[in-house]
Amino acid sequence: MTDTTERSGLGTAPDPDDEGRMPLMEHLRELRRRLTRAVLAFAVVTVACFFFYSELFALIAGPFNTIKDQYAEQGATVTLNFQGIADPFSYALKICCLAGLFLSSPVWFYQLWAFINPGLHKNERRWGLAFVFSAAPLFIGGAVVAYVFLPKGFDLLIGFNPTPQDVANIIGFDRYLAFVTRMFIVFGVAFVLPVFVVALNLVQIVSARALLGAWRPVVLGSFVFAAVATPSGDPVTLCALALPMLVLYFIATGICFLLDRRRKHQLIDGVDYSELADDEAAPMPAPSREPRSRYDDDDLL
């Protein structure tokens, strides 16, 4: 027992039983091991981002610089501003940490998955992997859409200045970074919402027919959410958020219809085979007590 405990403390993987159960201390050691690896990955990637800080800063300021160049041709002053002496360093640290968190996300997502994986059944593992591999691209896709449409929103907001040649727009970089980060998160989360819709259907909280029947409130809610989440309020940015949400919602509804049909076919004699454990035997249907007619075989033909 002492040898096993010492080996676990040195970082080797614990030895769960067939059902993935471990003692409490083994769970805590495994959690510490996974957290350590995730933090190390975040730290290494963050340090590496400092060597590419110029490229990262140009990437974040890119949407604003597009509008800045347009107004510069008109003789207007539109620029970002660092207000404190230490601001360049503090925002370099913040940008590199955000980039490190984003780029190291596959590592800590995997560590989270590896921690909960031994306690899941085969079906739960399959659906869990499907959610991870679908949610990550959707979130990134939402952030990319936000990045593409940010210049349009900046142009509209700055355009409220009636005399840009006389009144300069000097924008603090702290507010700009907070605004851009908010847009990335809002668009990313909005694109991931259909994944949670499918999850609700899998646990049988909502049916596909109910999702389809609620399309009118969903359309209204999508545009209201887009109007609140996009401060620019221009139709282009609003539709850039609302329309993809609706398309993904109806795609998720179609997937839910397929899942409901599959679940209906699996319900035999009141047994849902998708809910059985990996080592659980399926119950056999009870034999019929009705007398067999001599015409039954002919009816099959």
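Along the chain as shown, residues are numbered 1 onward.
Keep in mind that glycine also has a Cβ here, set from the backbone N, Cα and C atoms.
In TrEMBL, annotation is done automatically, which means it is predicted and not curated.
Small disclaimer: the values here were computed from a predicted structure and weren't measured.
Residues or ranges marked as region 'Disordered' by TrEMBL: 1-21 (among others).
TrEMBL lists 38-61 (among others) with the feature transmembrane segment.
Sequence-distant contacts of the transmembrane segment (91-115) (same chain, six or more residues past either end, CB-CB distance under 8 Å): 30-31, 34-35, 37-38, 41-50, 53, 56-57, 60, 82, 128-129, 132, 136, 173-174, 177, 181. Annotation comment: TrEMBL describes 91-115 (among others) as transmembrane segment.
Marked as transmembrane segment by TrEMBL: 127-150 (among others).
According to TrEMBL, the feature transmembrane segment maps to 183-203 (among others).
Look at TrEMBL and you will find 210-229 (among others) tagged as transmembrane segment.
Feature annotation from TrEMBL assigns transmembrane segment to 235-259 (among others).
Per TrEMBL, the feature region 'Disordered' maps to 278-301 (among others).
Counting residues 6+ beyond its ends, the transmembrane segment (210-229) has Cβ neighbours under 8 Å at 186, 190, 197, 201, 238-239, 241-242, 245-246, 249-250, 252-253, 256-257 in the same chain.
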